[in-house]
DNA sequence: ATGTAC
């Protein structure tokens, strides 16, 4: 039965392992296989796979897991993509969905969040007590203590212990390449949402009966309101991508290396430019996790405005879906790229943060706007795919194509506008939401079914949207 | 996704 959710596709340059049910597999654009074939031309690759939400990107597909041995590996800035460290965070509230029954109250909360959370950048002087240099060097450990207020359990664990990685260490000399302007902009963008598919969503959860025990161990209960955050490293990651990309493209020309796709950049891990990229990428991973943490801080402030000083947010988990790093498996070191792919570790895996060692950590999977999101947990069988699962619904239409196809009325209907159940969104006109409408994405429920069917992960809770704050 | 140049 399991086999129907997995296909091993043989291409001229190698094989790509595709995790997708029959219907999703049949719907894949041939271009994703063209792209796989190009990616497989990078030397020494030991494994490449697609998750069911795979779709075409620049140089590589979103939904890719690409693995090298650490000893003779390559790093590809194109596979990581330019939103380095982009990922998800879920914060638990003490609210029940009935507390947000009134449309008016959801609207009020959305407005309060907007007040504390700029899309673009903060006012000059905001976060003047935060040193950007400390943030990019030390991640969450570089923040002043007042920004880490959330106590998680009676055991006094804070969000420093409830994230995939609270700190990446790297050779800090590489930071010298950035001009003052990059530092300045990055400081003002700290704790801001950004554009595209980035969002803060207010959701109500439904526990999956078969995994209730895990849900309870994580502090989840039916009807609980949670905050789901999707953002990345903003312009800092973009600068890393741009600066390193220029140098690596030049090196590739000089050495006469490359694949059929000139946009697919890569360097040996042993090359100085490969090393520089990995170091700078780690600075962007630090930036991204702090960015999501400060977004949660802003939501906490907004919650206090509406519900009073007792309003608290506890961190369930924070993890990335665009990155590359070293992982151990069967006593071997691999260099693993995930582009639009989420690591989902099972119970007992040593790379789980200690708080989640016994259960596996929460894997956070967003749906498209107006549809459900999921909190999942990895299964031991995920090992075959280096524990990668999907990262969301996966786009099926470009922004422009969606605008041609979908009307404002259809988007309003999908958001149940005008009813008591309206999913309140922070936009003055529905028009600006069209390119993020559910019609632009695959059906997330079908994606999840493929992941579960393939045995990679299980659903712990389904999260239904109540309100959303979208970026530009 | 994002900044920048067109």
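Using N, Cα and C of the backbone, Cβ positions are placed for all residues, glycine too.
According to TrEMBL, the Mn(2+) 1 binding site annotation covers A:83, A:198. Residues or ranges marked as GMP binding site in TrEMBL: A:197-201, A:321-322, A:366-369, A:373, A:391-394, A:470. The annotation Mn(2+) 2 binding site is assigned in TrEMBL to A:230, A:321. The active site, GMP-histidine intermediate annotation in TrEMBL covers A:391.
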Spatially speaking, which of the binding-site residues A:83, A:198, A:230 is closest to residue A:322 (GMP binding site)? Use C-alpha to C-alpha, please.
A:83
Which residues in the same chain, at least 6 apart in sequence, have a Cβ under 8 Å from the Cβ of residue A:321 (Mn(2+) 2 binding site)?
A:86, A:87, A:88, A:338, A:339, A:340, A:341, A:342, A:391, A:392
Near the Cβ of residue A:200 (GMP binding site), how many other Cβ atoms are there if near means within 10 Å?
28
Collapsed DSSP category at residue A:83 (Mn(2+) 1 binding site):
coil
Around the Cβ of residue A:394 (GMP binding site), other Cβ atoms within 10 Å, all chains included, total 22
Work out how many Å separate residue A:197 (GMP binding site) and residue A:230 (Mn(2+) 2 binding site) at their Cα atoms, rounded off.
8
Intrachain C-beta neighbours of residue A:83 (Mn(2+) 1 binding site), sequence separation six or more, cut-off 8 angstroms:
A:232, A:233, A:237, A:238, A:322
Please report how many Å separate the Cα atom of residue A:230 (Mn(2+) 2 binding site) from that of residue A:394 (GMP binding site), as a whole number.
14
Name the residues of the same chain, 6+ apart in sequence, whose Cβ is under 8 Å from the Cβ of residue A:368 (GMP binding site)?
A:392, A:393, A:436, A:437, A:438, A:440, A:441, A:444
Which secondary structure state does DSSP assign to residue A:368 (GMP binding site), in the simple three-class scheme?
coil
Whole-number Å distance between the CA of residue A:394 (GMP binding site) and the CA of residue A:198 (Mn(2+) 1 binding site)?
14
Which residues does residue A:198 (Mn(2+) 1 binding site) neighbour through Cβ under 8 Å, counting only same-chain ones at least six apart?
A:230, A:231, A:232, A:470, A:471
